[in-house]
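Taken from TrEMBL, the feature transmembrane segment applies to B:21-39, B:45-67, B:74-93, B:99-120, B:127-150, B:175-195, B:264-287, B:316-337.
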Amino acid sequence: MTPTLLFVQSLNGLQFGLILFLIAAGLTLVFGVMDFINLAHGVQYMVGAYLMAAFSAWTGNFGWALLLALPSALAVGLLLEALVFRHLYDRDHLDQVLATFGVILFLNQGVKFVWGAAPLNVPAPEWLSGSVELADGLLYPVYRLAIIVAGLAVAALLYVLVNHTRVGMLVRAGASNAPMVSALGVNIRRLFMIVFGFGAMLAGFAGAMVAPILSVEPGMGDNILILAFVVIVIGGIGSIRGAFLAALMVGLVDTVGRSFAPNLLRLFLDPATASQTGRAVAPMLIYIFMAAILFFRPAGLFPAKR
Amino acid sequence: MTELAQTRSAPALPFGRRFELVPVILFAVFAAGPILASASGAEGYVLSLLTRVMILGLAAMSLDLILGYGALVSFGHAAFLGIGAYAVGILASHGSEDALVQIPVALAASAGFGLVTGAISLRTKGVYFIMITLAFGQMLFFLATSLAAYGGDDGMTLPERSRVAGTALIESDVAFYWASFFCLLVTYALARAVVASRFGRVLRGTRENSVRMEAIGFQPFRYQLAAYVLSGMMAGLAGCLLANQTEFVSPAYMTWQRSGELIFMVVLGGLGTLHGAIIGAAAFLLLEEFLPEILHTLGFMLQEDMRARLVENWKMIFGPLLILIVLFARGGIMGLWRRGHHG
């Protein structure tokens, strides 16, 4: 367990956490403001990655592809809202879970239909490829650093939007009491639409950003969706601040846990058992973490509703 | 969750009406299964499909016990299927191939898991409950994928079906069919008895309004936990059967998608009727099995390659179908039946 390795893994964890935050931010707002449980948020991340792959193959330029992918992801989100989700706001959670599950089935198969089942690759832009030497003998890929910077920038932007603009104020008010906001004369349906579209775009942005470092394939949104749910449940539904902290925690616990759980267990167990138990325990860590947090705080760390 | 219960679930069964048509027909059809299968000309295929319907029907029914009667939306129910299946697989790989050992172990393991996770999950409400059960399901899924000694990601093949008291009683497909039938019938009867008992009425009362139940002196938590454990044990039994049917055990039994499918089966059949869940499972599995064929027939005017593509991507039809069912077919199949029956 060298300090260098720990540092690199922490950076990876931070990068993963920020991607999780981009997805979880939209999810927690949709959840908090509309009390709407959207399982299809993960496929919006996948759609973002696919759009990125398609546009980058078409334009051959990373920047243009990103510029085209973002509004397209927004359009897909708004289309889904108008076609399906809008009819589910008044339904109970069970219906929402099922209908959005149907959207997942459709879109997972849909991307297979359009782009085939084989994973796609997206090249990283020229000026962000290669590695940078952070310290003596410690190389780190520039593109991953770029993801960290972009994630932090979006987090800051969201902070300003949510805390210092009129729409942000309405969103916060909606998260703590939506019927009251509606009674005060705000067009809550339009607010829902804005929040929804914005959330879809953020998820699409996350997908577009990770496209160069992951393979773009059907079903890639499914597992990250579960992690995003873990994040918003730990953070407290409806709270952006909670989602940010929880995303970083989950990202770090998961990444660092996977590489160090076997080493850590070696202190108590013989090496063979330690590496086997370590590999078994590591993927479970965040779920244990979540169960522990919910045990002590059943409504998450920063509950928005009181 | 109270609004869910009030708008969606079946009205309490009238006590005077002992004879019920739907479950009788349902079990009669299952009992006629082997005859139907041999008449159809594709005996092995029909028999294995019907066996699968009964096993997943058992799992869906166990979920209905807490979802329909307790309004507890458990999104991790597939974990119990996995526990049952892995109990069979792990014991078999250590030489205990007798179902009389495997099933009690599977039930005990499911009960233990249900007790621990239920005690934690039931502290939360609503969406948090959905999410925490999902998290526990995922936890077990990842545990299974990391069990390198038992196949890890790939799962493991069973050498043969479980023995019963040392004999190869359920080795033949027909015998296994009857074993599954027997399990389903007994659990169904048990679940009906539970639902009709005082315990069941307290559970339903808790579903409608847990604060009032508390006010008249019940502790909802205990009843919900007991129901959760019981439901988990039934799903564990279904897991034992599933492992035996396919003679294969893998983490794929407990993906969260499988949990979602179980919920869908219950809702499709109609919440809070028990036999509705079995019918829902049947409808789901038959749809999954025959939708590609139906699409093939419907696509007669398309060109051959488009037609093949349509059939291959049947899930693109299945997904929207699911959405439409949720949006328009409230109360599921049993709801339609009741509406048709009572004008």
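Placed from the backbone N, Cα and C atoms, the Cβ positions cover glycine too.
Outside the transmembrane segment (B:264-287) by six or more residues, the chain places 8-10, 22-23, 26, 49, 52-54, 56-61, 63-65, 67-69, 184, 188, 191-192, 195, 318, 321-322, 325-326, 331-335, 337 with a CB less than 8 A from a CB of the stretch. With a cut-off of 8 Å on Cβ pairs spaced 6 or more residues apart, the transmembrane segment (B:74-93) and the transmembrane segment (B:175-195) reach fewer than 3 such pairs and are scored as not touching.
Outside the transmembrane segment (B:45-67) by six or more residues, the chain places 30, 33-34, 36-37, 73-74, 77, 80-81, 173-174, 176-177, 180-181, 183-184, 187-188, 191, 194-195, 224, 227-228, 230-235, 237-239, 241-242, 245, 262-263, 265-266, 269, 271-282, 284-286, 289 with a CB less than 8 A from a CB of the stretch. For the transmembrane segment (B:316-337), the residues of the chain that approach it from at least six positions outside its boundaries are 8, 10, 22, 264, 267-271, 273, 275-276, 279-280, 283, 287-288, 291, 295, judged by C-beta separation under 8 angstroms.
Using a Cβ-Cβ cut-off under 8 Å and counting only residues 6 or more beyond its ends in the same chain, the transmembrane segment (B:99-120) has close neighbours at 76, 79-80, 83-84, 87-88, 91-92, 132-133, 136, 140, 162-165, 170, 224-225, 228-229, 231-233, 235-237, 239-240, 244.
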